[in-house]
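Working notes for the structure below.
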Amino acid sequence: MSFKLDGPVVLAGAGKMGAALLAGWIARGLQPRDVIVQEPNLAGDAAELQRQHGFSAVANLEDLPSPPSVIVVAVKPQAMDSVFPELAKSAGPATVVMSIAAGKSIASFERHLPSGTAVVRAMPNTPAAIGRGITGAVGNAHVTEAQKDLCASLLSAAGEVVWLNDEALIDAVTAVSGSGPAYIFLLAETLARAGEAAGLDAATSMQLARATVSGAGELLHRSQSDPTTLRQNVTSPGGTTAAALSVLMREKGGLQDLLTEAVLAAKKRGRELGS
Ligand SMILES: NC(=O)C1=CN([C@@H]2O[C@H](COP(=O)(O)OP(=O)(O)OC[C@H]3O[C@@H](n4cnc5c(N)ncnc54)[C@H](OP(=O)(O)O)[C@@H]3O)[C@@H](O)[C@H]2O)C=CC1
Ligand SMILES: O=C(O)[C@@H]1CCC=N1
């Protein structure tokens, strides 16, 4: 994968999501010498990546040596007010600012950045760390084709990219795919606990649940069939799966009701984080 750069790629915030993106970029050929991480305390996965790959790190955006091609902003939405002033000083006229913060609108960045700054708002997810993420993205009118290509190459190093033509949709993207991996991990946790209720020991039940969730995900990934067909392939008429699905797919209070309520709660929270 090639990255066309006129300056460094700066990652502001290398916590859980920032480190996942960074791992995806480096695995797909972004040269560590082209990366600068801005973190007050480099720790966890990001510190391990630095030990392995040796990219530079600064404590503050004001410490950057030159204007970046792109600043990927991966700090918590609640911390953004303290980041905006530094961001405004460090973005050059050719820098594209790409935020992945839940809820934070393009307009909130534009209010703090020099007029005409290119801003992309993106929502990735943590499978980015293994190149299997998916990101929804939308840019403002100042994003040039070259800047869009650069953002696309960084995002596609982490998995699939869906460009949106309406920023209003990004809270829904956040609720489905940004937060979505947590729902799947919760499924593995709850399946393992349910296995214990059915008589398995904790370790065996977790082994079965983990392999089932990851195996089913991989089958969905590789198969040409849709999820409905794959589900039906498991379900023998009058068999065990049908008995379980009659509970999960019951009309009231089934998985559909629960997941819809969960996704709408995430979407609402995204809006709140932005205001
Ligand atoms: N986690 C996920 O699955 C996803 C997260 N996101 C978005 O990514 C962003 C980061 O989330 P996540 O990685 O989970 O959070 P984390 O708290 O793990 O990461 C944020 C990081 O930013 C650092 N940071 C750097 N500069 C600053 C600063 N000036 N002020 C405050 N913090 C700073 C924090 O350092 P320190 O800890 O020392 O304060 C921390 O390491 C959020 O905006 C979130 O909405 C988007 C998609 C998915
Ligand atoms: O929980 C959050 O707010 C972030 C955004 C999407 C996933 N994690």
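Glycine too: its Cβ is placed from the backbone N, Cα and C atoms.
Any TrEMBL annotation is an automated prediction that lacks curation.
Every protein chain considered, the tally of other Cβ atoms within 10 Å of the Cβ of LYS76 (NADP(+) binding site) stands at 14. DSSP assigns LYS76 (NADP(+) binding site) to coil, not to a helix or a strand. As annotated by TrEMBL, NADP(+) binding site applies to ALA74, VAL75, LYS76, PRO77.
Per TrEMBL, the feature domain 'Pyrroline-5-carboxylate reductase catalytic N-terminal' maps to 11-103.
Under DSSP, the residues of the domain 'Pyrroline-5-carboxylate reductase dimerisation' (167-273) split into helix, strand and coil as follows: 87 helix, 0 strand, 20 coil. Per TrEMBL, domain 'Pyrroline-5-carboxylate reductase dimerisation' is recorded for 167-273.
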Q) Among the binding-site residues ALA74, VAL75, whose Cβ has the fewest other Cβ atoms within 10 Å? A) VAL75
Q) Which residues, in sequence order, are found in the same chain with Cβ within 8 Å of the centroid defined by the Cβ atoms of ALA74, VAL75, LYS76, PRO77 at the NADP(+) site, excluding those residues themselves? A) GLY13, GLY15, VAL73, GLN78, ALA79, MET80, VAL83, ILE100, ALA101
Q.
Across the domain 'Pyrroline-5-carboxylate reductase catalytic N-terminal' (11-103), what are the DSSP residue counts per state (helix, strand, coil)?
A. 42 helix, 17 strand, 34 coil
